[in-house]
């Protein structure tokens, strides 16, 4: 085999396993812990002072089993890439939970509350990610936020004035050596020191601390792990600094030269500095003259930056050209990509150019070969992680002068097929889009008028309590859904089962005293997939899973054509729920921007056009719900913030305009008396952006926010609001007193007459017992405040 002149690289590979092995074994590890605290009699936080320690033999055996699963997934991933002839394969791209959390653990950025009780390192990491309420342990999770503008979530590092960086294990080294033992040379990947600090926050007791001020303390420890990698044999390390695609102040830009000069002076390993998800052009001064061996840039998201980044390279630095999309599932356009690669070769020479994925492939499903039920015409348009690996190698071979004409010809035919297909184009939808008027995106009266008319109908008390929508999806629900899919039960039998589940949820909510109810969504597999399956223009995979956070994986639908609604999607279940209670029941829909953002969108038309198509679909559904007697309708937009372009400017202002327009287009066709709710999660939100949606009530993820400034931002928000009071991503149950404390804090800044009481998000992933206990305590706290304020 001839060695390629132009190298190929993959920045990271999905870690979930081809059949979700990681999820299955991780959740088993979490649930199978009945003997974990047997023999425990107390822990001072110092092992030498423990009066009695639990027997850890069972725990260590469980950990051994889980660690072995991780090892098997890594081996498969590395071998797949090696067999595909990838030249530069990433290691340390695996995580049991989150790669940023792994770095927090590696550098000892572990808040004190997790250091007690003698938790093992793996237990500590999981407790930081999801909280732990077990035996003597009762700790909340760290904050979880969106990873830039993706649907992945990272666990936010939390720093304090007393943070002491030191190496806590050597995970990157261990995994590099693990690959080496298999005969596979890899390039370890680490989140860069500046991005690690910048993406973190100060804890509540370290007000005023700028995490970047800790850089001088972090750099020696960062150098230490780089030197350990070099000693293990690593020739180069991929250091990711994704914050370079954000708006950075001059002082932040200036830290790059200081940091990388010090790392170069204290280490011998070569560094390839990688960015992705946008352009670095406005931050060129931050990376010019850095002592690194090369750079990686994302030319899928921003090919226009090419000339700018070429201009800052010295005569020895390499350029990793990210041309295979790490964020979407469409086949690469070989002609366009090879044109850009050739342009780089003309500027730099072939030996300084690397063909690569635009980002890690973490955000794509694992293997298209597993999709046996996809329409062959559509399947031929797609590419998942395994196929993208092959695309990278094919482009590198082409750039090296090898004959890949057969592959290029097949690629061109697939692209032409998609462009001309009747699946892609629907003239009726296009005509409806062209006929949208401004009045369709405006409610018939302002909020003040609507609010009074709604209260006359609903007569809700102060501190009205509700939930966000979904209730626990039990094993029984999943079994019956699978039976329906396999034809083991009839549609009528399944509908009867769903109605019985809805009734259980309604009766429970009535029992604990919630004021506005939901039907619990037992019929829904996923908040986007459920609707997408009922919308023309979507297709679905069987095994197209991607990690959203921790063990939460999603199967994003794929938008393949113009979107339309052939029939009502949610009316039947909502009408049934309302028929069995006198309390108002919310109709529950997923908003147009979230349907778009949590799908794999088309790349042949812009996202605004797709959002407006979805808005018209949802407008019809909202109007049908209202006509059927549903007077409170919630249109969730948890993804609206993640769609915000990463940089300020025209692209961002345009997005805010069309995202708000799409929401209003979906919701403005109802009467004043119909109350429109919306929900947002995992996001730092600007109240002005929310105001532009003109929803009557909004609920926002809040439970992990410990900064009163976040509440203050909403003091001027004119409509009703609910700031989430407990973390639905954790099994931990807050006490009534905790709820009271949270509400008391909020009441310092927000008027009682506009405040709603609700959880952070839907309860689908939680167990019934913890759900019952948490909601019961939440409602009890709401009643305490109702009595206080109604006196």
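From the backbone N, Cα and C atoms, a Cβ is placed for every residue, glycine too.
Here's what TrEMBL has on this protein:
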- 8-35: domain 'Cobalamin-independent methionine synthase MetE N-terminal' (DOMAIN)
- 62-346: domain 'Cobalamin-independent methionine synthase MetE N-terminal' (DOMAIN)
- 419-428: compositional bias 'Polar residues' (COMPBIAS)
- 419-446: region 'Disordered' (REGION)
- 463-783: domain 'Cobalamin-independent methionine synthase MetE C-terminal/archaeal' (DOMAIN)
- 468, 469, 470, 636: L-homocysteine binding site (BINDING)
- 679, 681, 701, 761: Zn(2+) binding site (BINDING)
- 729: active site, proton donor (ACT_SITE)
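Here nothing among the binding-site residues 468, 469, 470, 636, 681, 701 falls inside 10 Å of the CA of residue 729 (active site, proton donor). Through the fold, the region 'Disordered' (419-446) approaches residues 375, 377-378, 536-537, 560-564, 602, 604, 609, 612-613, 616, 619, 661, 664-665, 667-672, 694 of its own chain, all at least 6 residues removed from its boundaries and within a Cβ separation under 8 Å.
Among the binding-site residues 679, 681, 701, 761, the residue whose Cα lies closest in space to that of residue 636 (L-homocysteine binding site) is 679. Model confidence over the domain 'Cobalamin-independent methionine synthase MetE N-terminal' (62-346) stands at 97, taken as the mean pLDDT rounded to a whole number. Of all the binding-site residues in the list 468, 469, 470, the shortest Cα-Cα distance to residue 681 (Zn(2+) binding site) is found for 468. The Cβ of residue 681 (Zn(2+) binding site) has 24 other Cβ atoms within 10 Å, all protein chains considered. A Cα-Cα distance of 7 Å separates residue 679 (Zn(2+) binding site) from residue 468 (L-homocysteine binding site).
Between the recorded positions 679, 729, the minimum number of other C-beta atoms within 10 Å of a residue's C-beta occurs at 729. For residue 761 (Zn(2+) binding site), the nearest neighbour among the binding-site residues 468, 469, 470, judged by Cα separation, is 468. Residues 467, 518, 521, 527, 588, 634, 679, 761, 762 surround the recorded L-homocysteine site, their Cβ atoms falling within 8 Å of the Cβ centroid of 468, 469, 470, 636, which are themselves excluded. Residue 761 (Zn(2+) binding site) falls within neither a helix nor a strand when secondary structure is assigned with DSSP, and so counts as coil. Remote same-chain partners of the domain 'Cobalamin-independent methionine synthase MetE N-terminal' (8-35), defined as residues 6 or more beyond its termini with a Cβ less than 8 Å from a stretch Cβ, comprise 55, 58-59, 62-63, 65-66, 69-70, 72-74, 76-77, 80-81, 85-90, 93-96, 126, 134, 187, 189, 238, 274, 276, 296, 320, 322, 326, 354-357, 359-362, 364-367, 370, 385, 388-389, 392-393, 395-396, 543, 545-547, 550-551, 553.
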